[in-house]
Amino acid sequence: MVMYNVSSYNTGPFTLSGIPGLEQYHVWISIPFCFIYLVAILGNSILLYLIAVEHSLHSPMFFFLSMLAMTDLILSTTCVPKTLSIFWFGPQEISFPGCLTQLFFLHYSFVLDSAILLAMAFDRYVAICSPLRYTTILTPKAIVKIAVGISFRSFCVFVPCVFLVNRLPFCRTHIIAHTYCEHIGVARLACADISINIWYGFCVPIMTVIIDVILIAISYTLILCAVFRLPSRDARQKALSTCGSHVCVILMFYIPAFFSILAHRFGRNVPRTFHIMFANLYVIIPPALNPIVYGVKTKQIRDKAILLLFPK
């Protein structure tokens, strides 16, 4: 067995080269990317500000929504600034610790987003199916426990991947044909067996997210059954409107996420350029659209946002 001196291989920086095949269009691609990123920063910041200052928004649903906004800010800010620097100034170096930090926060944000959507589905289930017990079930103490629990679960799910990458020797190229560091893309540069990286990095996060999806689907099935039993048409419309924004966000999150993950694992016929372009859109489009969807579909946020932006 060949023994590697891991410390001697991990010290050098990596080079992020951007989107392969589209290098001559990087500057043009950066224009919509920069605009969408600014929308994401502004939209989520306004959402967090409104939830913080408006007492009427101090409820469990909006607390989980503020967690989603913060996670979206982490997700986009982890990747997009480095991506824009590549588009504007060419291939950029990133240190090995910086690469590990980026891939951790990227995947941690993904798993945490999924857990937050599950918590929001549970909140809607209690609010619609057991409205009289809502305040006794979702107490401040219970909400804090849920927030700490899903944050810790997300940390435990992905932190092993950081150690799995850290143990690898990198004795070949340090050029990453991508705009950011992600687990399998970095692991494939190693000159060692990465089977455990591939299977852990694919199976454990995916199974965690699939469990979330199943529980979310069960929650909304029970919610729909309860909604259509409501005697008042207005009550049904109000409940469906509230749940509609959640469903839109859930679809925007899971559909591109699963496509990107499955294409990376099984899509050998998917062009690499398309895959990397799609992966970049995934880290920027949902964070930009989430506050817009909630701003349009949720009356409390829409009214407060209008007062904030147009006080007269």
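Using N, Cα and C of the backbone, Cβ positions are placed for all residues, glycine too.
Where the annotation comes from TrEMBL, it is an automatic prediction and has not been curated.
Per TrEMBL, the features are as follows:
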- 43-294: domain 'G-protein coupled receptors family 1 profile' (DOMAIN)
- 25-50: transmembrane segment (TRANSMEM)
- 62-84: transmembrane segment (TRANSMEM)
- 104-122: transmembrane segment (TRANSMEM)
- 143-165: transmembrane segment (TRANSMEM)
- 198-227: transmembrane segment (TRANSMEM)
- 239-262: transmembrane segment (TRANSMEM)
- 274-296: transmembrane segment (TRANSMEM)
Close approaches to the transmembrane segment (143-165) from elsewhere in its chain (Cβ under 8 angstroms; 6 or more beyond its ends): 60, 63-64, 67, 100, 103-104, 107-108, 111-112, 115-116, 118-119, 122, 183, 186-187, 196-197, 200-201, 204-205, 208
Recorded stretch that, among 62-84, 198-227, 239-262, has the most CB pairs under 8 Å to the transmembrane segment (25-50): 62-84
Beyond the flanks of the transmembrane segment (62-84) by at least 6 residues, Cβ under 8 Å: 16, 30, 33-34, 37, 40-41, 44-45, 47-48, 51-52, 92, 94, 102, 105-106, 109-110, 112-113, 116-117, 119-120, 123, 143, 147, 179-180, 249, 280, 283-284, 286-288, 290-291, 294, 300
